[in-house]
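Notes to accompany the following structure.
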């Protein structure tokens, strides 16, 4: 374990692939036992941790596949979408690293001498078990003798039961011949035989075309995991036409030429099949059936290419290794061609009618191989990426989740879950608005009233909200979309409320915050959250709760009563009013009254109670009567307007300054702001305006 470069360790309750950075040895209590600690870095992350060597495993491809299968079998996502994407990206990087190491390992590249580590074990053992007991020439090496014997024995085993009738010597010799263009595979199996055309030029050309086509096709099959049975069947039928024309006796010597490629000149001096048992016409006819029976009894009869006109399917692992098995096959091509020509010249009557079939077979085989190669290349280009699990809608509500909530008579509106109380089955949510306070308390509602933001009814809820609040709901959706995009691309990591309070969301927020008057939001979040919904189904009972009256107006009237008592009963503002009339104190209200030519029909009196206002006005009228000669010339002509525009504001400002113990400027600013209205009062006022507008439209 200490030698592994990549390991699988546990971090944050999950198995993560990691890269080993360093190894440290620490002394344990028992001196004989030594503990090793590994400094590892989580793949695709910058997180570095230290783990015990006994708590990790060497990273293997099977581990990644098991984890992926486990994730695919889960119904619920165990973590947030961002954490899940991070974890799967780390697994993807680990899988790429393992594939890269596999492709760069020496086992995947063929050795030039024709022997690979896989060839030196199992294939040699198979060939050794299948070598005939007949003597072989002395100039052949042990490996070459095994290959030659395999050539004979395998060709005899590949015959079907229908072709086991007594054969002539030329037909038996035909089972030993091998085209040097095809050669032997690494596992010792013979390649497909290529028939020789009659013409001098067509023989070499067609053979080379088929050779390149087979090599490219087998390379594609080695890379891809599957085959097309239909295409393979067509190619086999095309090859069977070419295989049926190989009936010359001189071609039997190619088996020895392939078995000993180092000494081709010595091979042709004596009997061409002297060292191979399968090439003896006398012995082979009697040994075919016993060999077949013995192999069937052992269960080792394998499907190989047949030379009697048919062909069994070629296994997937036989293909590109043909080149490495016979390094000097090109040197034998000239001699084999000469022998074939000599054999064909002995029987000219058979060669002429077969030439047309051979040329047709070569063309069909070549075209089929090219089509198969093109289709497999298209499959590689259209290879789908690794499967990614779709995001399933969570069944429970968590903190920070985006939801829909129906509030009073307003449509469903997006909100954020601030807290969840599982025992009470309630959640505190905060509606998404233009002036939303991320630190606000929100309202408490039942979990049954919440809907996930990405629920099936999402589009219907959006359409319903757009009927009355098109611009507002569009802004909310754009804000949520921008948050998810930044979360996915990694430019922001945090909850939605943190995103709303951060500067990164300002470009989206300012479009609404700078246009408060033009965008109308529903009045949400400060009423009774458990009020029954307006669109509840008929017959469905909902608890009816009594709405308490608004106490903010009563509180303001009680505070204003102190001002009235200060003005009327205590007469505390009378000296201030006389100083203004005698021009001892400046007054913006008197200056505006004298310079204004317009008659104001509406004014802010600050006092909301009519009785309080009448009491103050009567007192000010008495003051005017007492100071009739001291009033300004213009004020004497319009006494009511002078009282409302000058004396009433000055008296109230003086009372605010005295009662609340503030200076005159602060009291004047409070008077200009007017009474502070509550949220419910604004809502009632807006509802009255909407009802009035709807009534006029009707």
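Even glycines carry a Cβ here, placed using N, Cα and C.
Note that this is a predicted model, so its numbers are computed, not measured.
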170, 240, 244, 583 - the residue Swiss-Prot records as phosphoserine: 170
Annotated range (Swiss-Prot: region 'Disordered') out of 102-145, 410-453, 454-497: 102-145
Record feature phosphoserine (Swiss-Prot), assigned residue among 62, 168, 367, 636: 168
For the domain 'PWWP' (399-460), the number of residues DSSP places in helix, strand and coil: 6 helix, 26 strand, 30 coil
